[in-house]
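Report on the structure given below.
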Amino acid sequence: MLWYFCGTIVLISKNNMSSMLDVGKWPVFALLPPEELRLVRQACVFGSAANEAIYVTVNDEVFALGTNCSGCLGLGDTQSTIEPRRIDILCGKKIVSLSYGTGPHVVIATADGEVYAWGHNGYSQLGNGTTNHGLTPALVSTNLINKRVTEVACGSHHTIALTTEGEVYAWGYNNSGQVGSGSTANQPTPRRVSSCLQNKVVVNIACGQLCSMAVLDNGETYGWGYNCNGQLGLGNNGNQQTPCRIAALQGINIVQVACGYAHTLALTDEGFVYSWGANSYGQLGTGNKSNQAVPTLINMDKERMVEVAACHTSHTSAAKTQSGQVLMWGQCRGQAVVCPHLTHFTSTDDVFACFATPAVTWHLLSVDGDDYLTVAQSLKREFDSPEISDLKFLVDGKCIHVHKALLKIRCEHFRALLNETDEETIEIHQFSYLVYRAFLEYLYTDTINLPPEDAIGLLDLATYYRESRLKRLCQDTIKRGITEENAITLLSAAVKYEARDLEEFCFKFCVNHLTAVTQTQAFADMDHDLLKNFISKASRYGAFKN
């Protein structure tokens with residue numbers, strides 16, 4: 001069966017589109033300590049180099065960090081900061097939608113329906129009637145008094161907002177008619193987009209760089225603004241100063257739109273996706289690079305699509321299936337991917353973090369407050385937890401609590417051992433507590449966390465239990481931790497445990513740092529046969545040539 005895709009640029013609802021928030025994948029958060037990252041509940045990464053971010057904690061405090069171009073962090077100044085600083089005025093406001101322009105400017109909607117804006121304002125995109133940059137979040141109130149805004153969307157330098165009554169308001173840059181006012185004069189304060197939308201109820205909005213889109217409650221889709229690439233889907237390339245219905249979608253019930261830099265995606269209520277507009281990077285997913293001025297089905301032999309993603313700062317597209325598979329296409333790290341490509345990701349956010357240029361977020365990242373854990377996270381939490389464990393290992397007088405079923409699934413050694421014994425406690429004598437605990441934790445998490453010297457003991461265990469993947473991980477850990485002081489010790493371990501790749505790595509390190517290595521105590525204490533072999537091999541390598 002053929003299925004097709006689409007998306008939006010605001011907060012995704014908390015149904016099957018939700019995903020666990022992991023802001024650590026964005027470099028701008030690299031310096032945040034783990035305990036701080038665990039408190040993050042919402043986040044947005046933006047900026048010309050994805051170097052600015054705003055996030056909300058579990059306590060509903062709002063922080064910002066980054067380069068602070070045009071005061072877009074809302075901190076009251078234009079100073080860059082690598083450490084998070086609190087935006088006091090937004091704390092406790094409960095953000096429900098957030099969008100950003102490329103100036104950059106930032107606009108949010110709160111749970112109370114208020115709109116705040118700050119940052120670049122050269123085209124009045126902050127809606128305050130001026131062109132002065134806003135260094136702190138300011139309430140956007142003109143024409144919005146007694147209105148409750150539920151969504152906001154930004155183009156490069158314009159903003160649109162959706163109210164609970166289904167009305168759309170727009171302001172800012174209007175060179176192509178993107179605020180829908182019927183002219184090309186910039187709009188300094190919010191103005192209702194009427195014309196064809198006058199008596200209609202809008203349920204979804206999105207912005208491209210210089211255009212705007214709206215979906216009605218009856219599934220009709222309207223577009224206005226810049227159209228030279230056909231991104232309005234009207235069958236022509238003429239700009240539109242007021243909303244125009246996309247006639248080619250007549251009878252098709254659209255539930256969501258998303259805009260890239262100059263292309264548009266639309267999702268139907270049946271899980272099909274249409275695309276139109278610019279296609280020089282394959283962002284329409286049609287299998288070629290030809291622009292399309294009318295909506296075109298994206299053919300894909302996949303199940304129903306439930307989410308797509310696009311961002312007005314990039315030419316990248318992504319989609320998520322009902323079962324959670326994620327596909328991507330368009331500009332992906334400089335490559336043009338002209339057909340939807342299945343990834344190993346579990347979230348469309350990962351596509352933009354890893355492949356978009358710049359690697360910004362395509363919407364406000366959010367995580368449900370119910371502390372949902374993935375399978376991997378649940379297993380990690382239960383390691384060495386005595387509450388529901390049914391087996392414990394006694395090593396160096398200390399207990400390690402585990403689960404028989406998991407050990408049988410993950411390790412052939414334990415499958416054989418536990419099928420032959422009903423013991424609830426097993427004593428281990430040949431390995432240290434530190435090493436054995438790291439081994440058992442690896443079975444729960446697929447990772448190891450040991451310094452290189454201790455990883456030698458784990459390498460011994462991996463060899464003994466014939467755990468080839470664990471052996472490779474140990475070797476990688478040891479390589480990352482090699483120094484002039486421990487190089488001979490690590491070389492000796494590699495030889496002992498027949499880790500040939502590691503042995504060659506350590507040997508070359510020793511030769512390349514020969515003077516310093518030969519002055520260490522480890523070299524003085526080196527086993528005679530190993531020393532003889534080392535000197536012989538180093539000689540053949542040319543280490544002693546003048």
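Yeah, the Cβs are placed from backbone N, Cα and C, and that goes for glycine too.
What TrEMBL annotates here:
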type	residues	note
DOMAIN	389-452	domain 'BTB'
REPEAT	60-111	repeat 'RCC1'
REPEAT	113-165	repeat 'RCC1'
REPEAT	166-218	repeat 'RCC1'
REPEAT	219-270	repeat 'RCC1'
REPEAT	271-322	repeat 'RCC1'
Taken over the repeat 'RCC1' (271-322), the model's mean pLDDT: 93
The repeat 'RCC1' (60-111), counted residue by residue under DSSP: helix, strand, coil: 6 helix, 23 strand, 23 coil
DSSP helix/strand/coil residue counts for the repeat 'RCC1' (166-218): 3 helix, 23 strand, 27 coil
